[in-house]
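Undergrad: Below are the features listed in Swiss-Prot for this protein:
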BINDING   Asp73, Asn74, Gly75, Gly76, Gln77, Gly148, Val149, Gly150, Leu151, Tyr152, Gly153, His154, Glu177  (6S)-NADPHX binding site
BINDING   Asn74, Asp144, Thr180  K(+) binding site
DOMAIN    25-234  domain 'YjeF N-terminal'
Amino acid sequence: MDYYFTKGKPQLVNMKTPIYLVTQFQQLMDLMQNQYEVSCLELMQRSGKAACDFLVYRWPKVKKISIFCGRGDNGGQGYVLAQQAKKMGMIPTVWQVGHQMSMSKPPQMHKEVWYEMNSCHQQGIVLHTYSPDIDLGDPELIVDALFGVGLYGHVRPEIALLLQRLQQFTVPILAIEVPTGINASTGEIAGNALAATATITFLCMKLGLLINDGKIYSGEIAFDDLLAPEEIYQQVKGIEESSLLDSSTCFSKKIWYRNKTQKGWQLSIN
């Protein structure tokens, strides 16, 4: 059953979203950029702001947040979230994993990520280079913006140690796109993974969040369509194999939705 929350009171609605593999998600991203002319930077900003909106909606009393950013696009989403969080009165601290602040774009970093990293710096947001022996303080919430769907192969040993360290905190963990260490298509663990309290994913629902270990590690799921036109989901079809979602791998789960026709979040108990 699907519910729309108005002043805390649930009302029944009908809301569904297509489910995709990572390769299909990448096709959707290509269409958004090339056919619908939404830039990579704009998509990054929409997703980072949506993540912050959900954070505030789900945990309205949180003030001190720690955002762990990788050097890829997922990290860029984390940088956008940090800026939005500061505008909304929170105290964001960014932990840079595998990179550090630079006045010139590092060779392996996309220009959009570098732009958002520098925007954080210009706005006075504290940027720390992560190291295993550094004190992480006492955040009220942790944001996982390390890899998203961009993880290939197994989690490196140094990242596995970081995930173990973060898992020891007793505060909520919000993962952006996919919890680090979870394969977004298969739901399998890539050696080690971070169990999130909630995961916000964009443009389409990733199959790996709904099956196998991914269904456990993703926690509650929030979905935002990034203002994508409805036609895009006809151009790239979602999965059709019902066996991928059989009863042996799936169980009841909270899923929050928001699309371009809604201002609030809808809760579905699947």
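Glycine is no exception: its Cβ is also placed from the backbone N, Cα and C atoms.
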Undergrad: Identify which of the binding-site residues Asn74, Gln77, Thr180 has its Cβ surrounded by the largest number of other Cβ atoms within 10 Å, counting every protein chain shown.
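TA: Per the Cβ count, the most surrounded site is Gln77.
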Undergrad: Just the number: how many Å between the Cα atoms of Leu151 ((6S)-NADPHX binding site) and Thr180 (K(+) binding site)?
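TA: Checking the Cα atoms of Leu151 ((6S)-NADPHX binding site) and Thr180 (K(+) binding site) gives a distance of 8 Å.
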Undergrad: Expressed to the nearest Å, what is the distance separating Gly153 ((6S)-NADPHX binding site) and Asn74 (K(+) binding site) at their Cα atoms?
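TA: Cα-Cα distance, Gly153 ((6S)-NADPHX binding site) to Asn74 (K(+) binding site): 17 Å.
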Undergrad: Return the single residue from the binding-site residues list (Gly75, Gly153) that has the minimum number of other CB atoms within 10 Å.
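TA: Looking at the binding-site residues Gly75, Gly153, the Cβ with the fewest others within 10 Å is that of Gly153.
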Undergrad: How would DSSP class Asp73 ((6S)-NADPHX binding site) in three states?
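TA: Once the DSSP labels are grouped into three classes, Asp73 ((6S)-NADPHX binding site) ends up as helix.
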Undergrad: So what's the mean pLDDT when you look at the domain 'YjeF N-terminal' (25-234)?
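TA: When the pLDDT values over the domain 'YjeF N-terminal' (25-234) are averaged, the result is 94.
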Undergrad: Report the same-chain neighbours of Asp73 ((6S)-NADPHX binding site): residues 6+ apart in sequence with Cβ closer than 8 Å to its Cβ, ordered by sequence.
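TA: In sequence order, Cys40, Met44, His110, Glu112, Val113, Gly148, Gly150 meet the Cβ cut-off.
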Undergrad: Can you give me the same-chain residues 6 or more apart in sequence from Val149 ((6S)-NADPHX binding site) with a CB-CB distance under 8 Å?
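TA: Val22, Phe25, Asn74, Glu177, Val178, Ala184, Lys206 - these are the non-local Cβ neighbours of Val149 ((6S)-NADPHX binding site), listed in sequence order.
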Undergrad: Write down the Cα-Cα distance for Gly75 ((6S)-NADPHX binding site) and Thr180 (K(+) binding site), rounded and given in Å.
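TA: Rounded to the nearest whole number, the Cα-Cα distance is 12 Å.
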Undergrad: Using Cβ atoms only, which residues of the same chain lie under 8 Å from Asp144 (K(+) binding site) while being at least 6 residues apart in sequence?
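TA: Looking at Cβ-Cβ distances below 8 Å from Asp144 (K(+) binding site), excluding near sequence neighbours, one finds Phe68, Leu166, Ile173, Leu174, Ala175, Ile176, Pro179, Thr180, Leu194, Ala196.
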Undergrad: Pairwise over Asp73, Asn74, Gly75, Gly76, Gln77, Gly148, Val149, Gly150, Leu151, Tyr152, Gly153, His154, Glu177, annotated as binding (6S)-NADPHX, what's the top Cα to Cα distance to the nearest Å?
TA: 22
Undergrad: By a simple count, how many Cβ atoms lie within 10 Å of the Cβ of Leu151 ((6S)-NADPHX binding site), its own Cβ left out?
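TA: Result for Leu151 ((6S)-NADPHX binding site): 24 other Cβ atoms within 10 Å.
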Undergrad: Count the Cβ atoms, other than its own, that fall within 10 Å of the Cβ of Glu177 ((6S)-NADPHX binding site), considering every protein chain shown.
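TA: Counting Cβ neighbours of Glu177 ((6S)-NADPHX binding site) within 10 Å gives 26.
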